[in-house]
Amino acid sequence: KDGYLVGNDGCKYSCLTRPGHYCASECSRVKGKDGYCYAWMACYCYSMPDWVKTWSRSTNRCGRGK
């Protein structure tokens, strides 16, 4: 599946201050095919396994505590 990587806090992986290869590395770490820093804000990955958590507007819990 494709989507934004999500951390344990429910927030998208930020890439604003990261090196250019950061997102591609993080995506491959979770068995994704490739990834990039979308609009310099968050990591977007391609072809990840279904078990990888991705961000969704309907299940967004970033900034809402646990």
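Just so you know, the numbers here start at 1 and follow the chain as drawn.
Including glycine, each Cβ sits where the backbone N, Cα and C put it.
The annotation domain 'LCN-type CS-alpha/beta' is assigned in Swiss-Prot to 1-63.
For Cys11-Cys62 (among others), the entry in Swiss-Prot reads disulfide bond. Listed in sequence order, the residues of the same chain lying 6 or more apart from Cys62 (disulfide bond) and placing their CB within less than 8 Å of its CB are Asp9, Gly10, Cys11, Lys12, Trp55.
Residues or ranges marked as disulfide bond by Swiss-Prot on the basis of sequence analysis: Cys15-Cys37 (among others). Around the Cβ of Cys15 (disulfide bond), 22 further Cβ atoms fall within 10 Å across all displayed protein chains. When secondary structure is read from DSSP and collapsed to three states, Cys15 (disulfide bond) falls in the coil class.
Swiss-Prot lists Cys23-Cys43 (among others) with the feature disulfide bond, giving sequence analysis as the kind of evidence. Annotation for Cys23 (disulfide bond): spatial neighbours Leu5, Tyr13, Cys15, Gly35, Tyr36, Cys37, Cys43, Tyr44, Cys45, criterion Cβ-Cβ under 8 Å with sequence separation of six or more.
Sequence annotations record features per position, and here Swiss-Prot assigns disulfide bond to Cys27-Cys45 (among others) based on sequence analysis. The DSSP secondary structure for Cys45 (disulfide bond) is strand.
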Going by a 10 angstroms cut-off between Cβ atoms, which of the disulfide-bonded residues Cys37, Cys45 has the sparsest surroundings? Cys37
Are there any residues in the same chain, six or more apart in sequence, whose C-beta is under 8 angstroms from the C-beta of Cys27 (disulfide bond), and if so which? Leu5, Lys33, Asp34, Gly35, Cys43, Cys45, Tyr46, Met48
For the disulfide-bonded residues Cys11, Cys43, which Cβ has the most other Cβ atoms within 10 Å, all shown protein chains included? Cys43
Averaged pLDDT, computed only over the residues in the domain 'LCN-type CS-alpha/beta' (1-63): 94
